[in-house]
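K.L.:
Have a look at this one.
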Amino acid sequence: MERTYHKQEINMTEALITRINELISHYPEDKRKSALLPVLHEVQDAHENWLSIELMDKVAEILLIKPIEVYEVVSFYTMYNQKPSGKYMFEFCQTSPCCLNGVEDLMDYTCEKLGVKVGEPTPDGLFEVRGVECLGACGYAPIMQLGDFYKEHLTAAKIDQLIVDCKDNKIVLHDK
Amino acid sequence: MSQKILLDKINVPGIKTYEVYRQNGGYASVEKALKTLTPDEVVEEVKTSGLRGRGGAGFPAGMKWSFIDKKSGKPRHLVCNADESEPGTFKDRYLMEFIPHLLIEGMITSSYALGANLSYIYIRGEYMWVYKILERAINEAKAAGFLGKNILGSGYDLELYVHCGAGAYICGEETALIESLEGKRGNPRIKPPFPAISGLWSNPTVVNNVETIAAVPWIVNNSGAEYAKIGIGRSTGTKLISASGHVKNPGVYEIELGLSVYEFMNSDEYLGGMSSDRPLKAFVPGGSSVPVLPAHLIYKTAAGEDRLMSYESLSDGGFATGSMLGSGGFIVYNDTSCIVRNTWNFSRFYHHESCGQCSPCREGTGWMEKVLHRIENGHGREEDIDLLLSIQSKIEGNTICPLGDAAAWPVAAAIRHFRDEFEYHIRFPEKIKNRDHFITEPFEKVKYLVSKVIV
């Protein structure tokens, strides 16, 4: 298998460190490790939506745990990315109730429109289409997750508009 | 019109905020419990209410609370399970998003009953915006003196935090959830010891679903006996049902347990009947892991009685002719749906979500997915149906946690009730090449082909 090494610039800003410390304070002093999942979300959001080995090592250092304890968690949970992903990741829910409402056709449409296959970012790194399992919004199907938010009752027209809005930098990905 | 106790104030403008929630009688249960009741008295009220766990298992909540180890003197914790991930279920999200303080209030009153001084709400990572809503609500409650040290001068201390997951269905299983809260992979633990004895950081812990905890304020305010008057038999109280699929009005509804399935499906107050007026083919009443039922077993049980929205009535007939209330994830299928495709879809879900700890589940869910995929795509073999039954029977009951059963049941039920549809896929591969095969030609119309072929 081909392996590409991606370099990631690590930037632990003051705001990020403050937030991490706040998260750590939610658990007893000797249970710092418990903050791992929320801390990884914060760190990933601040680093273009992925976690390099170096970044994971940094998290281990902050939480006073071994790097392997971070790697094994990152590889278990689907929301952590171990390689660069598209900036705007269209994560379509592809579980039954969304399928009943045509999500498969919509994913095909989006891929065709962006000229990509599921799971591969556009060459400019702006977009990526992914299929994920039940997002818990079955009554508002078909839906996708974009950053911290859901886009519901999707149609081809809404996808077109979303793509335009992303390009125009009008989409807020994270609620910080 | 059903009585509403969880969503009765959902339409009050601004109910998301502390001020409006408080003006509308919010946090009264905290005042009542802390000032006039002992923790054990609160537990007794919940026991009397008959409230059952709303996450899916339906275990009596008061009973679960009474198991918590108060003798060891270890710190105790209440953890709210907001890792809602069962396909078809989106009720907790609705409650947390639109009336977050109800959950916070329930957490405080329930933590007091359990003697917990440090509690958590574990929410799935995908609900990130709801995580932020809860975080803000907690800060508001804290500023108002309902959290922190010496709440309302009662001497009771409580810290409450939200913790987010990162995309793993398995973390909805209580011991996997605890592992995840400890910063680990979500691998379920072997029970016993049960969390009530050794849970979060080896401390006595109770894990309850969002909806269960949200029912506690009403019970404390109005008494367990009053709550027990709502509903039917051992299915007391109200239940949130999240409806999706081919219905006119999908969404979240609060119903009194005991409402008839027919009324829920067809009255304009609820689902308003089928969308596009196509015939009803099947439904899954309690999330993807409960058995699917065919049209003739939906409104009536096998014994010919009206099917009701209650734990007992939905499971009437056992797995042969019944299903389960589960989490209340109500998925409706019309005649254009393909049961084989849907079963494959669910199997893919469980394969993806299996934590990989137990071989029968890790391997078996993958095998089922592959076999179903080939049947759905026209490469099925005559022996595949029995193969599927064999695989599912070897997963069921042979795993540490119930994910194995949850993966096995839908497959068994689909074959039990829709075997002819599987046979059709296997015998007429050229007719199912397109994924929309039943949209252009519903199974009802081609069913006769299956019976004509002699094997």
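Count begins at 1; order follows the chain as displayed.
Every residue, even glycine, has its Cβ placed from backbone N, Cα and C.
What TrEMBL records for A:Cys93, A:Cys98, A:Cys134, A:Cys138 is [2Fe-2S] cluster binding site.
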K.L.:
Same-chain residues six or more away whose CB lies under 8 A from the CB of A:Cys138 ([2Fe-2S] cluster binding site)?
P.N.:
A:Thr95, A:Pro97, A:Cys98
K.L.:
State the count of C-beta atoms found within 10 angstroms of the C-beta of A:Cys93 ([2Fe-2S] cluster binding site), not counting that atom itself.
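P.N.:
Within a 10 Å radius of the Cβ of A:Cys93 ([2Fe-2S] cluster binding site) lie 28 other Cβ atoms.
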K.L.:
Tell me, by DSSP, whether A:Cys93 ([2Fe-2S] cluster binding site) is helix, strand or coil?
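P.N.:
Once the DSSP labels are grouped into three classes, A:Cys93 ([2Fe-2S] cluster binding site) ends up as strand.
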K.L.:
Can you tell me whether DSSP puts A:Cys98 ([2Fe-2S] cluster binding site) in helix, strand or coil?
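P.N.:
For A:Cys98 ([2Fe-2S] cluster binding site) - judged by DSSP and reduced to three states - the answer is helix.
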K.L.:
Can you give me the same-chain residues 6 or more apart in sequence from A:Cys134 ([2Fe-2S] cluster binding site) with a CB-CB distance under 8 Å?
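P.N.:
Sequence-distant Cβ neighbours: A:Cys93, A:Thr95, A:Pro97, A:Cys98.
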K.L.:
Run a quick check on A:Cys93, A:Cys98, A:Cys134, A:Cys138: which of these binding-site residues have any Cβ-Cβ distance to chain B under 8 Å?
P.N.:
A:Cys134, A:Cys138
K.L.:
Using DSSP with the three-state reduction, classify A:Cys134 ([2Fe-2S] cluster binding site) as helix, strand or coil.
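P.N.:
Its secondary structure by DSSP: coil.
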K.L.:
So how many other Cβ atoms are close to A:Cys98 ([2Fe-2S] cluster binding site), meaning within 10 Å of its Cβ?
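P.N.:
A:Cys98 ([2Fe-2S] cluster binding site) is surrounded by 28 other Cβ atoms within 10 Å.
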